[in-house]
Amino acid sequence: MGSPVQLSLLCVVLASLLLPGKGVFINRERANNVLARTRRANSFFEEFKKGNLERECMEEICSYEEVREIFEDDEKTKEYWTKYKDGDQCESSPCQNQGACRDGIGGYTCTCSEGFEGKNCELFVRKLCRLDNGDCDQFCREEQNSVVCSCASGYFLGNDGKSCISTAPFPCGKITTGRRKRSVALNTSDSELDLEDALLDEDFLSPTENPIELLNLNETQPERSSDDLVRIVGGRECKDGECPWQALLINEDNEGFCGGTILNEFYILTAAHCLHQARRFKVRVGDRNTEKEEGNEMVHEVDVVIKHNKFQRDTYDYDIAVLRLKTPITFRMNVAPACLPQKDWAESTLMTQKTGIVSGFGRTHEKGRQSNILKMLEVPYVDRNTCKLSTSFSITQNMFCAGYEAKLEDACQGDSGGPHVTRFKNTYYVTGIVSWGEGCARKGKYGIYTKVTTFLKWIDRSMKARVGPTAETPRTAGPPN
């Protein structure tokens, strides 16, 4: 309650306003002056007091700068200011399906939970392949606005229509453990192929003949320097069972000169240019140390050499070949195939991953000696335009680039023909063949790889062209009609 003195003064003021000749009402300005509220702190000491939200913005009208001085944090200032100026737009909880609401001046923004979209997260997003691979374990494709899952060779689709299951002890694309059971052969497709059709797209050679004499169709064309043959610089040793699809091509002196990828128990994928580097060669699998026997190594003779007949020795275009072995590989520790993917799925899903993995026994640096230890290296995919600008050589549609611009890690001489695989949900798929590069781990230069997705049909036809380990002596195919 006010004191008697204060009440008396108020009565005097009000009485003076009602002097004779004056109206009952007064203008707003005079009334506000009479009822004006005195500030709690005087103007001088106000500047020295720490900002107080109640004093500055509730008892008085505050400015944005005053709010910022109170919170001393830009984000908290903006959050409070938007509510202070026009109220909390999120108060009515406009975001549906557990969406998070963020208030704004004159509006709000919803951050939707996975599977929902729209201004208020009111729209359900169909789980197509672009969203978490449609929940498929392996291959995903879209049909009539729905997802269809499928599996790599050697797997079958589970009852849920999503998972891929294999009963084989060593299915493709899985790192191996200590299991030593024999696996079944993997089929790449259920469809049949006419042998003559297959022969139109590749060259067939017998390794008992001289590959140099049979393959020198482009002998007069200029070749890249041997220093440009890709080729692991950097990286680390492949742990036990970690690179089971690695194959090694060995010459008559039992020396490794190129790599390869195990596709199934009879077939090895490699680079076409490797076929020019030895008169006769065999394939060794299960090797992690060429100077030490570990019990999993096996050597296989080659029955048929299938080289793409469009291979260009001057550009390394179509640098791909398939080797058929005389005897089947027994899958075991450190010996298992990598999976062949589906083309569209591989290009939209696998090759949009950040990295792939290369492995081999190549040189440990550009002028160094061959490694006796199997090494692996994770390499990032490189944007196509970036790669093309990094070299004066042609980067065709049958190639892709991977590696580091400046980091001293790369594939190198001796790794040629070896695997480039990409991991997806703990399964490894063949995505490339080590092909060529300018030196090893040079700054601004990348490794160039044969793009396997371009040749998946060719690989499938090549593996179907012979049906048993005792195929008759192959012949060299003519050019495509």
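Going from the start of the chain as shown, residues are counted 1 onward.
Glycine too: its Cβ is placed from the backbone N, Cα and C atoms.
Remember, it's a predicted structure, so these values are computed and weren't measured experimentally.
According to Swiss-Prot, the feature signal peptide maps to 1-20. Taken from Swiss-Prot, the feature domain 'Gla' covers 41-85, and the record attributes it to sequence analysis. The 4-carboxyglutamate annotation in Swiss-Prot covers Glu46, Glu47, Glu54, Glu56, Glu59, Glu60, Glu65, Glu66, Glu69, Glu72, Glu75, Glu79. The disulfide bond annotation in Swiss-Prot covers Cys57-Cys62, Cys90-Cys101, Cys95-Cys110, Cys112-Cys121, Cys129-Cys140, Cys136-Cys149, Cys151-Cys164, Cys238-Cys243, Cys258-Cys274, Cys387-Cys401, Cys412-Cys440 and is backed by similarity to another entry. According to Swiss-Prot, the feature domain 'EGF-like 1' maps to 86-122. Here Swiss-Prot flags Asp103 as (3R)-3-hydroxyaspartate, drawing on similarity to another entry. As annotated by Swiss-Prot, domain 'EGF-like 2' applies to 125-165. Taken from Swiss-Prot, the feature N-linked glycosylation site covers Asn187, Asn218. Here Swiss-Prot flags His273, Asp319, Ser416 as active site, charge relay system, drawing on similarity to another entry.
Features as recorded by Swiss-Prot, highlighted on the structure.
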residue: Glu72; record: 4-carboxyglutamate; CB count, 10 Å: 10
residue: Glu79; record: 4-carboxyglutamate; CB count, 10 Å: 16
residue: Cys90; record: disulfide bond; CB count, 10 Å: 18
residue: Cys110; record: disulfide bond; CB count, 10 Å: 21
residue: Cys121; record: disulfide bond; CB count, 10 Å: 22
residue: Cys136; record: disulfide bond; CB count, 10 Å: 24
residue: Cys151; record: disulfide bond; CB count, 10 Å: 21
residue: Cys164; record: disulfide bond; CB count, 10 Å: 22
residue: Cys238; record: disulfide bond; CB count, 10 Å: 22
residue: Cys401; record: disulfide bond; CB count, 10 Å: 23
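Counting same-chain residues at least six beyond the ends of the domain 'EGF-like 2' (125-165), those with a Cβ under 8 angstroms from any Cβ of the stretch are 114-117, 171-173, 184, 186-189, 264, 339-342, 344-345, 348-349, 424-425, 427, 429. With a cut-off of 8 Å between Cβ atoms, the residues of this chain six or more beyond the domain 'EGF-like 1' (86-122) that come close are 79, 131. Put simply, Glu65 (4-carboxyglutamate) is 53 Å from Cys136 (disulfide bond) when counted between their Cα atoms. Among the recorded positions Cys95, Cys110, Cys129, Cys149, His273, the residue whose Cα lies closest in space to that of Glu65 (4-carboxyglutamate) is Cys110. The CA atom of Cys238 (disulfide bond) is located 17 Å away from the CA atom of Ser416 (active site, charge relay system).
Within the set of recorded positions Cys62, Glu69, Cys129, Cys387, the entry lying nearest in space to Cys274 (disulfide bond) is Cys387 (CA atoms). Checked against Glu69 (4-carboxyglutamate), the active-site residues His273, Asp319, Ser416 differ in C-alpha distance, with Ser416 being the nearest.
The highest number of surrounding Cβ atoms within 10 Å, among the recorded positions Glu65, Glu66, Asp319, is found at Asp319.
The DSSP breakdown of the domain 'EGF-like 2' (125-165), given as helix, strand and coil counts, is 4 helix, 14 strand, 23 coil. Only Asp319, Ser416, of the recorded positions Cys62, Cys140, Cys243, Asp319, Cys401, Ser416, have a C-alpha within 10 angstroms of the C-alpha of His273 (active site, charge relay system). Cβ-based neighbour count (10 Å, all protein chains) for Cys274 (disulfide bond) stands at 26. For the domain 'Gla' (41-85), the model gives a mean pLDDT of 63. Ranked by CA distance from Cys90 (disulfide bond), the recorded positions Glu66, Glu72, Glu75, Cys401 have Glu75 at the top as the closest.
The CA atom of Cys387 (disulfide bond) is located 27 Å away from the CA atom of Cys243 (disulfide bond). Here Cys129 (disulfide bond) is compared against the recorded positions Cys62, Glu66, Cys101, Asp103, and the shortest C-alpha distance is to Cys101.
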